[in-house]
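Participant: Below: one structure in structure tokens.
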Amino acid sequence: MAPLPLCFVTSSKKKLAEFLHAVGDNTIAHVSMDLPELQGDPETVAREKARAASRIYGGPVLVEDVSLCFNAYKGLPGVYVKSFLTAVGPSGLCNMLLPYEDKSAYALCIYAFCDVTVDDKPALFTGRADGRIVPPRGPQTFGWDCIFEPLEGGGKTYAEMEMVEKSAISHRGKALEKVKAFLTNSGVKVPCVK
């Protein structure tokens with residue numbers, strides 16, 4: 001049986017859109033898979049998600065895990081940002097920092113590549129964007145984009161940017177550049193990578 005092509009695993013349509021924008025529309029297989037929300041540091045969470053997804057898919061996968069880290073909270077909500085967003089929304093996240101002068105934060109994206117048919121040691125590709133938390137601005141259509149103003153963003157939140165502008169400076173865009181370099185040089189069966 002021929003090896004399976006690389007599959008990007010996500011249940012988020014917005015993450016998928018940004019991923020396909022970066023690597024080329026419809027060039028990599030993708031599947032929606034609800035993986036368990038794990039606890040731990042960002043690297044451990046990404047590794048375990050990749051292993052689990054590769055076991056289910058039966059071949060090479062790429063998964064993404066994102067953290068939003070408030071410096072005033074020593075890195076929280078971090079990998080738990082999805083749970084915080086579900087509970088309190090973007091405004092609630094922003095309000096967590098009301099008692100603090102320090103509104104600085106960083107966004108962290110980790111892509112993990114794993115193929116359990118070869119080995120179970122995921123390769124990690126990390127991107128980070130420093131910025132600050134601001135009251136919601138722009139469309140509230142993708143997670144916490146409307147409250148994160150990256151230092152490189154010219155005073156705009158991610159939500160106020162076009163995808164091309166955001167991808168050039170975002171945590172996800174920085175991590176994806178590393179993923180593209182890896183895929184270009186790895187020999188992994190990928191139909192096409194821009």
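Backbone N, Cα and C atoms are what each Cβ position is placed from, and that goes for glycine too.
Taken from Swiss-Prot, the feature ITP binding site applies to 10-15, LYS49, 65-66, LYS82, 142-145, LYS166, 171-172. Residues or ranges marked as Mg(2+) binding site by Swiss-Prot on the basis of sequence analysis: GLU37.
Each of the listed features needs to be described in terms of its position in the shown structure.
Facilitator: Under the three-state DSSP scheme, THR10 (ITP binding site) falls in the coil class. Counting every protein chain shown, the Cβ of THR10 (ITP binding site) has 19 other Cβ atoms within 10 Å.
Same-chain residues at least 6 positions away in sequence with a Cβ under 8 Å from that of GLU37 (Mg(2+) binding site) are, in sequence order, LYS82, SER83.
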Participant: Give me the count of other Cβ atoms within 10 A of the Cβ belonging to HIS171 (ITP binding site).
Facilitator: 24
Participant: Enumerate same-chain residues with a sequence separation of six or more from LYS49 (ITP binding site) and a Cβ-Cβ distance below 8 A; give 'none' if the list is empty.
Facilitator: LEU35, PRO36, LEU38, VAL63, ASP65, ALA112
Participant: Including all protein chains shown, what's the count of other C-beta atoms within 10 A of the C-beta of LYS82 (ITP binding site)?
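Facilitator: Taking all protein chains shown, LYS82 (ITP binding site) has 17 Cβ neighbours within 10 Å.
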Participant: Specify the count of other C-beta atoms within 10 Å of the C-beta of LYS13 (ITP binding site).
Facilitator: 10
Participant: For GLU37 (Mg(2+) binding site), name the DSSP secondary structure in the helix/strand/coil scheme.
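Facilitator: DSSP call for GLU37 (Mg(2+) binding site): coil, neither helix nor strand.
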